[in-house]
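Copied over from TrEMBL:
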DOMAIN    A:14-528  domain 'Cytochrome oxidase subunit I profile'
TRANSMEM  A:32-55  transmembrane segment
TRANSMEM  A:75-96  transmembrane segment
TRANSMEM  A:117-140  transmembrane segment
TRANSMEM  A:160-185  transmembrane segment
TRANSMEM  A:197-230  transmembrane segment
TRANSMEM  A:250-270  transmembrane segment
TRANSMEM  A:282-306  transmembrane segment
TRANSMEM  A:318-340  transmembrane segment
TRANSMEM  A:352-374  transmembrane segment
TRANSMEM  A:394-412  transmembrane segment
TRANSMEM  A:424-448  transmembrane segment
TRANSMEM  A:468-489  transmembrane segment
Amino acid sequence: MTISIDPQKTNNESLQPKGWLRYFSFSLDHKVIGIQYLVCGFLFYLIGGTLASAIRIELASPMSDFMPRDVYNQVLTLHGTIMIFLWIVPVVNGAFGNYLIPFYVGARDMAFPRLNAVAFWLIPPSGLMLVASYFVEGAAQAGWTAYPPLSITTPQSGQIIWIMSVLLLGGSSIFGGINFIATIIKLRRPGLKLMQLPMYCWAMLGTSILVVLSTPVLAGTLILLSFDIIANTGFFNPVLGGNVVVYQHLFWFYSHPAVYIMVLPAFGLVSEILPVHARKPLFGYTTMVFSIMGIVVLGLVVWAHHMFTSGTPPWMRLFFTIATAFIAVPTGIKFFNWVATLWGGKISINSAMLFSCGFIINFVFGGITGVALAQVPFDIHVHDTYFVVAHFHYIVYGGTVFIIFSSIYHWFPKVTGKMLNEKLGILHFIITFIGFNLCFAPQHWLGLNGMPRRVAEYDPQFQFVNQISSLGALLMAISTIPFLINIFLSMRNGQVSGDNPWKALTPEWLTSSPPPVENWEGEAPLVEEPYGYGKQFSEQK
Amino acid sequence: MLNKNIYLILIISLVFAISFWIGFNVNLLPIEASINAPIYDELFKILFIIGLIIFIGMTIAVIYSLFKFRKRNDQIGDGIALEGNLSLEILWTIIPSIIVLLIGLYSYNIYDRMGGMKELNHNHEMMRSNPEKIWAGISQTSDNEISNNNLSIEVSAMQFAFLFNYPKGNFISGELHVPVDQKVSMKMESKDVIHAFWVPEFRIKQDIIPGQPTILNFTPTKVGKYPIICAELCGPYHGGMRASIIVEEESDYNDWFNKNKKTEVNL
């Protein structure tokens with residue numbers, strides 16, 4: 001099969017709005033769509049973050065006194081759903097994937113530009129629909145997992161809108177996944193071998209395989225759930241003979257791989273950033289590729305560890321313990337390789353590097369608690385407690401969100417042609433790192449000692465630790481201020497970056513900043529060694 | 001070279017020493033009040049120590065790299081063009097694989113000692129006579145064993161309360177009273193949504209699932225009053241769904257049981 005695009009039809013420059021207005025247009029340019037994903041995702045991050053702050057304000061005191069209990073459950077449901085489906089997944093996949101993948105394969109756009117635009121334009125309306133579901137009578141309040149029978153028995157209008165919104169977001173993910181696979185496999189520049197691709201391509205290939213295999217399962221599950229709610233069917237409703245544990249199996253078949261859908265692209269991004277700022281080749285390229293594929297395979301067979309307390313049979317508990325724990329091996333390989341990439345380098349200590357190193361430290365911590373959670377006896381005690389909340393945020397915020405920020409600091413000059421202010425960036429990192437660890441590290445202790453998650457009220461003995469956690473959340477909220485100031489000031493008055501301020505070797509830096517509509521004035525360059533540091537530039541001393 | 005190796009050995013020894021010291025001296029868990037708790041805590045300690053060694057080691061490596069290999073103002077070149085080292089990569093694939101496998105086997109052993117690997121309903125005769133599907137909790141046992149050996153209690157969970165039925169006394173209580181050092185078997189049913197029965201001091205938790213009764217065994221070892229917490233989101237008052245388990249001497253338990261057993265409660 002040959003996939004070809006007609007640049008005249010897809011990216012006719014004369015038809016595109018100019019300047020910032022093009023980001024509000026139905027553009028087919030992968031770069032515009034990437035930035036649309038990023039900005040849209042960040043707006044939802046601010047909404048999800050505001051909801052998180054409301055949760056931490058409520059938990060600063062043991063009694064439910066800041067908001068009614070049902071509103072608290074609605075807020076935590078919305079927070080979880082927004083952060084996963086509207087911030088992290090669209091940004092690490094959609095934003096950076098769209099912006100970088102065509103550059104990395106030497107293409108002028110994605111394989112299916114219109115599908116690409118449709119995938120993005122599904123997000124704002126579904127996101128708004130999700131937010132609007134809060135304001136209808138009876139917003140969804142069964143958590144982002146929407147376990148039946150709670151999701152069937154709580155007020156239904158909001159839950160139905162929630163399901164429809166997640167279905168549309170899942171559709172967007174699948175469109176994106178198909179597009180990335182087609183682009184990476186079929187649109188590679190002639191002469192560019194798979195094993196010469198930048199690591200982010202491999203990460204996106206692995207992620208897209210997971211998306212295409214697992215997201216339809218979530219979609220099917222939610223459709224069955226909506227039948228139970230609307231048409232009174234009994235797939236999951238125990239009153240009608242349904243099985244609630246089957247829902248959990250189906251839900252986690254998607255939602256555990258969803259963690260890798262969030263972190264694999266982050267692994268890819270950090271693999272691009274570290275070699276540039278350490279001025280060293282990415283250590284162990286081949287093992288990195290195999291470890292990504294190992295994570296993809298293992299990621300699909302670990303879902304039942306979320307159900308150790310649900311009544312799974314002993315053999316299943318044993319199998320899923322071993323499978324889950326073994327994901328630590330390919331993940332560990334990547335971390336050793338990143339540290340080896342730093343070792344012996346000429347490291348620039350800037351915002352991008354600090355956020356990447358912060359990611360390594362946070363993620364190692366989250367990974368260790370993940371191995372612990374894979375063990376049935378350990379999991380049985382801490383399942384559904386604040387220990388899990390802490391572990392999850394170490395992986396998803398301490399891992400993925402740190403890398404999103406690192407990536408913004410790294411690629412901002414490419415997108416805008418301007419440099420970000422480093423002092424503000426380092427301030428942003430310091431406040432975020434301290435706030436994040438202050439917020440989530442104490443939650444491990446809370447979970448071990450008896451505080452369940454998703455509660456508006458708790459035992460007063462946990463008040464002091466919760467207040468420390470809330471203080472950390474406040475710092476995280478404050479940390480956004482220097483970041484936003486930096487973005488706006490740098491876009492207006494930032495130092496001009498030039499085409500390649502980092503002297504990087506990956507293809508996106510070999511064109512102008514910002515890049516032209518079709519990426520290169522002439523033919524795409526063939527980059528055989530995207531991490532050939534220590535060869536080219538060392539000769540230019 | 002010799003000096004470098006000595007420093008490396010010293011640092012690794014220090015990381016191990018610190019991790020072991022913290023692992024053995026910092027207690028992050030609530031008191032142990034059941035037979036399961038000390039077995040669980042053994043596993044926790046091992047996981048904690050291994051986790052600390054890896055975390056401290058990796059953090060030192062990252063921070064050391066940032067300081068040691070930071071680019072000085074007068075430097076313009078790149079670092080060394082080192083793309084890989086096969087033997088090193090094989091080493092750091094094999095070592096974590098062995099560690100993960102050993103942890104898995106050890107936790108399997110712990111789980112077995114907690115009673116988790118016992119077959120549920122191994123009595124096939126009983127399975128035929130009992131079409132109701134019962135899901136296995138930790139330390140599970142068949143209904144036969146429940147009735148013969150243990151103190152048998154039926155737990156009903158509903159939004160937002162636990163009710164404890166003592167079949168032998170024909171009464172229902174809002175508090176769970178059990179004698180110390182005696183095996184308790186609970187058959188748990190939910191009246192509405194999924195709940196979970198969690199006693200942190202016992203290190204046990206089991207979901208209570210509508211339509212699929214679950215069973216859970218435990219043996220309390222310390223007299224006292226401990227919280228029973230619902231750990232599964234069950235609605236607006238989920239945070240308030242708590243009860244107490246009162247572990248008492250057998251004589252005190254018998255007094256309480258005899259005082260309550262004639263009480264007739266109609267649901």
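In case you wondered, yes, glycine gets a Cβ from its N, Cα and C as well.
Keep in mind that this is a model prediction, so the values were computed, not measured.
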Long-range environment of the transmembrane segment (A:75-96) - Cβ separation under 8 angstroms, sequence gap at least 6: 33-35, 37-38, 40-42, 44-45, 47-48, 51-52, 54-55, 67, 119-120, 123, 127, 130-131, 133-134, 139-144, 162, 165-166, 169, 172-173, 176-177, 180, 200, 204, 207-208, 211, 258, 261-262, 265-266, 269, 396, 400-401, 403-404, 407, 411, 454
Highest-contact recorded stretch vs the transmembrane segment (A:394-412), from A:250-270, A:282-306, A:352-374, A:424-448, CB pairs under 8 Å: A:352-374
Chain residues outside the transmembrane segment (A:160-185) and at least six past its termini with a C-beta under 8 angstroms from it: 3, 77, 81, 85-86, 89-90, 93-94, 97, 101-102, 105, 107, 110-112, 115-116, 118-120, 122-123, 125-127, 129-130, 132-133, 136, 139-140, 146, 197, 201, 204-205, 207-209, 211-212, 215-216, 218-219, 222-223, 225-226, 229-230, 261
Integer mean pLDDT for the domain 'Cytochrome oxidase subunit I profile' (A:14-528): 94
Long-range environment of the transmembrane segment (A:424-448) - Cβ separation under 8 angstroms, sequence gap at least 6: 56, 350-352, 354-355, 358, 362, 369, 381-382, 385-391, 393-394, 397-398, 402, 405, 409, 462, 465-466, 468-479, 482-483, 485-486, 489
Among A:117-140, A:197-230, A:352-374, stretch most in contact with the transmembrane segment (A:250-270) (C-beta, under 8 angstroms): A:197-230
Residue numbers, six or more beyond the limits of the transmembrane segment (A:352-374), whose CB comes under 8 Å of its CB atoms: 263, 266, 270, 273-274, 277-278, 302, 305, 320-321, 324-325, 327-328, 331-332, 335, 338-339, 342, 382, 387-388, 390-395, 397-399, 402-403, 405-407, 409-410, 425-426, 429, 432-433, 436-437, 444
Remote residues contacting the transmembrane segment (A:197-230) - C-beta distance under 8 A, at least 6 residues beyond either end: 93, 96-97, 100-101, 104-105, 146, 148, 151-152, 156, 159-160, 163-164, 166-167, 170-171, 173-174, 176-178, 180-181, 184-185, 188, 236-237, 242, 247, 250-251, 253-255, 257-258, 260-261, 264-265, 267-269, 271-272, 282, 285, 288-289, 292-293, 295-296, 299-300, 506-507, 530-531
